[in-house]
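Residues annotated as domain 'Ig-like' in TrEMBL: 1-103, 115-197. If you look up TrEMBL, you'll see 204-294, 299-393, 476-575, 576-669, 674-766, 771-855 marked as domain 'Fibronectin type-III'.
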Amino acid sequence: MGPQLKVVERTRTATMLCAASGNPDPEIFWFKDFLPVEIDSGNGRIKQLRSGKVSFCTVPALVLHSLSGALQIENSEESDQGKYECVAVNRAGTRYSAPANLYFPFVPAVRRVPPRFSIPPTSQEVMPGGSVNLTCVAVGAPMPYVRWVSGEAELTQEDKMPVGRNVLELTNIHQSANYTCVATSSLGTIETTAQVFVRALPRMPTSLIVTETTATSVTLTWDSGNSDPVPYYVIQYHSKLSENGFQEVNGVATTRYSIGGLSPFSEYEFRVMAVNNIGRGPPSSLVHTRTSEQAPSSPPLHVQARVLSPSTMLVRWDPPEEPNGQIQGYRVYYSSEPSDPLSTWQIHNTDNSQFTTISGLKTGLTYSLRVLGFTSVGDGPPSEVLRLKAQAGVPAQPDGFEAETELDTRIRLSWLWPVQDPVHRVSLDAAGSYALDGLKPDTSYGFSLAAQSEMGVGVFTEPIEARTTQSMTGAPPRKVEAEALNSSAIRVSWMPPLSVKQQGPVLGYHLICSRMENGQPHGQPILLDVPVYEAQEALITGLLPETTYSVTVAAYTSKGDGARSKVRQVTTSGAVPGKPSMMISTMMGNMALIQWQPPKEMVGELVGFQLQYRRADEDAFTVKDFKKTDDHFAVTGLHKGATYTFKLSAKNRAGVGEEHVKEISTPEDVPSSYPQNLSVVGLGSSSARLTWEPPPTADRNGRIVRYVIVYRDINSPNNSSNSTTETQMTLQGLQPETTYDIRVQAFTSKGGGPISPSIQIRTSPTSMPVFAKNFGVQAVMKTSVLLTWDLPDSYEPQVPLKILYNQQSVEVEGDQKRKLITQLQPDTEYSFVLMSRGNGAGAIQQQVSIRTAPDLLNFKPALYPSDVEEDGQVVIALPQVPAAAAPARWFYVVVVPETAGSPQRNPEDMDIHRLLDGGPDGDLLQPFIAAKLHTLSEIFILGDEKTYNGYSNKRLQDQQEYRCFVLAELTGHQYVSLPGNKVWGLR
């Protein structure tokens, strides 16, 4: 028995125990900080107490004497603090005990401080049915009790009232309420109140009316209908004759608004919705109105004329496309002098009919005609000039004469035949077209057209002009698509032209982008050259927000551009804010203060900010959203010697804006913890292979530049050391059949941290045949360890194996290669030795040391109150891991079917490795893993038949009872489980 850690108050007596046995009786000596302790020194304060007892061994005639040599220090002083070891010596050898520390605790002066709130609760806003935690922390001396009160109701049970900190968990909240935190100690009582406000959708606006109407606009007014301020409103409207849905006007901040751009003399429906940060409320009732009349904005269509007699002509037309009201009638202007002003032409008025006859014409003269419609407001524009010769049998001027370029050497002409006299037997509804071939590329041509009959040639149209295209070098690109990326950029993609239609190899592509206004290109187009023949995508930047653009693409060869693709239109999104200013002004310990200001040029209404930050070696960012009135945030919990990235953006209703990115590096320090999970993975007669893991991330305090392994023969006070930059090392030059004490220490550029707890190994004899190899740990649980090893072909399987640990032994069949050791203690160091009982292999062969997993999960899974208990599904509430607990890599949900007469099975007693590998798919009564999760959610549905990171959540069987466990995978093959305390069944 060796000394153990001792804490003693100053001037008190400290006694450190030590006992040893041997033959002959050993002598016991004490060392402090590796130097001999002078017994009876210090004016007789330090004494060694001696006593002994006799015990009999099973070996015949062998008597062992156990001697005690406790060290007693009276009237202890600070100089007595240190590391103590006892040493037992006889002629057979020397044995050192494990070291133990003696120290004096710091005893502060007693003071009394009234309670105060160090972290008062903050008011919260939640959605209906949401959840929130209110945290209240109070300090003082003595520490106060903290409880929660709402109105007259006590929310904290008196027998469970915590000290210092109380977290109130509220779920399924549907009503706003005040919650008061009360802190009480013998020096007084204080309280503070936080409000939980339930946000709901706004109510519908009321009293929507039309207060003003013009030909193209309507003014609406309404009442809010809400007691709380409404951030903005949405107006929806549409024409009653339109088959399209409602159009919207977003972001209306007042209760009076004028909507423009409407069509004259058209019926519209309007409604209004209120919007808050939860969403849109219900719409108001519809209101109907008709816009006012306006003069027609387009001329009558398809004006035609023919001669009825030498002095009479018939004129007919179709109504204007945009009458803008009720057409009251039409005016027909005609004159034989087309160059005279229209006001001097003769006028023939008619009612709301679509044809009329005009008499009194002079035979042989050519007349020009124009027709306009009028409403009660005024006249519309006149039609194009139509010319007619007052001569019987001569056709009128053709209508709709157009020229369209088809190829580099072809232009197609088209027209509508004029109204013909039936005696000529010409179809009245025939339309004509003709393609002129053999023209020159890139050349302008003029065209005029007249109709001809047996009586003669009619009046020629006014000349029209068309130009042939340049000589084409190939077909257009295919499958052109345009997509808006943001408020100022679009992405254009395409497929190459068909190779059979290409004239020479494609050298690149030209993109032509034009801004559209009222359906027509406006301003100078943007020409983007993509000089890469295999390109199939390009970005066009520098565009305006909320603007429509047309895009075409043409491939070019050495001869020039080919045909352009079909036009694609795309609208850029609304502009997002620019980069806000950000300053990391102070850094104290593990805290950084982030301060910011809105962007200098703000686009749209600022609605808030978004901050993202992470360690440089982490994958995910922590995201914090802030109100528009916030301008700072303190980031706590930063680690020493780490680089952090901060990204800040402003937000408007269009989205998150440009990021302001900054990096900071905290100063390095020595590690504040030691390397973790030091273990032996290979052991021979003169070497030992060690592995370990770095200190916890929060305790590294910088980049680990090296590790120092300190080891010594336990019978020698001298330490040896080796260093490495890796997390593994093989110690060479060890002595056979020798026990070594091994520790490891991590270093940053600032120096070394604390040294790890020691593990002990014992090397193998040199002459002993190796019967097993690769003895190691496959999985470590709280109360169990799975050990595995390999056996050589020469080993005789009938020879049993033995595993020794902590003065216990377990026998294993000789052909086995794994063993689950159970009934261990959580978070405890163990050393396991594998040995054979056969001849020639009777001593220690392999040894490993481990620490069992900590007791991480303190809450058991439970049934969650839910209606989902059908179709092979059960809803369970999962345990929540405390924030201060060791980090877990993965969590596993383990399901164990219960059978009649079978004992309740616990993951601690299962072969975890085989469980993780998965059992037979067809065996429904074997334990299985239903899910592998990064984090534990509040609830989980067993049997939903989904796959979670490679594990199938199998459907549960009817009339079968199950037990559910949660398994956490830590570092270094460590697993933590929590047994379920209830059996669930599907009925």
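In case you wondered, yes, glycine gets a Cβ from its N, Cα and C as well.
Model, not experiment: these values are computed from the prediction.
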- prompt: Which numbers of helix, strand and coil residues does DSSP report for the domain 'Fibronectin type-III' (204-294)?
  reply: 0 helix, 46 strand, 45 coil
- prompt: Mean pLDDT over the domain 'Fibronectin type-III' (576-669): what is the value?
  reply: 86
- prompt: With DSSP, how much of the domain 'Fibronectin type-III' (476-575) is helix, how much strand and how much coil, in residues?
  reply: 3 helix, 57 strand, 40 coil
Query: What does DSSP give as the helix, strand and coil breakdown of the domain 'Fibronectin type-III' (771-855)?
result: 0 helix, 44 strand, 41 coil
